[in-house]
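Participant: As annotated in TrEMBL:
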DOMAIN    6-262  domain 'G-protein coupled receptors family 1 profile'
TRANSMEM  26-51  transmembrane segment
TRANSMEM  63-89  transmembrane segment
TRANSMEM  109-131  transmembrane segment
TRANSMEM  154-179  transmembrane segment
TRANSMEM  206-230  transmembrane segment
TRANSMEM  242-265  transmembrane segment
Amino acid sequence: FLTILGNSAVLATAVKRSSLLKSPELLTVNLAVADIGMAISMYPLAIASAWNHAWLGGDASCIYYALMGFLFGVCSMMTLCAMAVIRFLVTNSSKSNSKKITKNTVRILITFIWLYSLLWAILPLVGWGYYGPEPFGISCTIAWSKFHNSSNGFSFILSMFLLCTVLPALTIVACYLGIAWKVHKAYQEIQNINRIPNAAKLEKKLTLMAVLISVGFLSSWTPYAAASFWSIFNSSDSLQPIVTLLPCLFAKSSTAYNPFIYYIFSKTFRREIKQLQCCCGWRVRFFSTDNSAENPVSMMWSG
C-alpha cells in the first residue's frame with residue numbers, strides 16, 4: 001500500500017508538472033514506474049501465497065513472478081546508476097554543458113534501460129540460467145540453488161552479478177564520491193557559509209536526496225544479494241528459512257522509501273502533495289493545506 005500510494009503520488013505530480021519537468025527528472029518518473037510495477041505485478045501473488053503457506057499457481061506463476069522481479073529490479077538498479085552519472089556530469093560541467101542533457105537524450109537512455117533489463121529477464125527463459133522457488137517456498141526468483149553444480153547457471157549468475165549489480169553499484173559509489181569531493185572543494189573556496197549561492201545549496205540538497213535514494217536501494221538489496229551469493233557455493237539447505245525469508249522481504253521494501261525521501265527534500269513535491277485531492281473531493285487529511293505562492297523549485301533534479 002505504501003509503495004502504490006507513494007509512487008502514485010510521484011507519478012501524479014509528474015503528470016501535473018509535465019511541462020515543467022527537467023530532463024533528468026524523467027529518470028525519477030521511471031524509477032517510480034518500476035517500483036509501482038513491481039508492487040502491482042508481484043506483491044499480491046506473494047501475499048496470497050504467504051496466507052496459503054505455499055506457492056500458488058504452479059510453475060507458470062513462479063516463472064512469471066521471478067521474471068517480473070528480475071525485470072523491475074534490474075530496471076531500478078540501472079535507473080539509479082543513470083541518475084548518479086547524470087548528477088556527476090551536471091555537477092562537474094558548466095551550465096551550458098549540463099543543458100545538453102535533453103529530454104530526448106534521457107528518453108533514449110530510459111528505453112535502453114528497459115531493453116537491457118528485459119534482455120536479462122528473458123535469458124533464463126531461453127536456456128541461460130533458471131527461475132525457481134525461493135528456499136522458504138512462498139516466493140520465486142532466479143534458481144540460486146542450482147548454480148553451485150551447474151556451469152550454465154554459474155556463468156549466468158556471475159555475469160549478472162558483475163553487469164547488473166557490482167558494476168552499477170561501483171559506478172553509483174564512484175559518482176557520488178566524485179560529487180562529494182567537488183562540493184567539498186567548492187565550499188572550501190567559499191569561506192563564508194552565508195555567501196554560498198542558493199543554487200549551490202539546492203545542488204547539495206538534491207545530491208543528498210539522490211544519495212539517500214541509492215543508499216536505500218543498495219542497503220535493502222545487499223542482504224538478499226549476500227544470501228543469494230551464499231547459495232551459489234553452498235546448498236540452500238545450509239540456511240534456515242528465516243535467513244532467506246527476511247532478506248527477501250527487506251529487499252521488496254525498497255519500493256516504498258523513495259516518495260518519503262522526495263517529500264522531505266523537495267518543496268515542490270510537498271506543495272503538489274498538499275494540493276492532491278482524493279477521488280471523493282476531500283483533501284488528504286494528513287497534509288495541511290498551504291496555498292501560499294512560492295517561486296517554482298524543480299521537483300527533483302534542477303539546480
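Each Cβ is built from the backbone N, Cα and C atoms, and glycine gets one as well.
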Participant: The domain 'G-protein coupled receptors family 1 profile' (6-262): mean pLDDT?
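Facilitator: 83, rounded to a whole number.
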Participant: What parts of the chain pack near the transmembrane segment (26-51), using Cβ distances under 8 Å and only residues at least 6 beyond its ends?
Facilitator: 3-4, 7-8, 10-11, 14, 57, 61, 65, 68-69, 72-73, 75-76, 79-80, 82-83, 86, 103, 106-107, 109-110, 113, 138-139, 213, 252, 254-256, 258-259, 262, 299-301
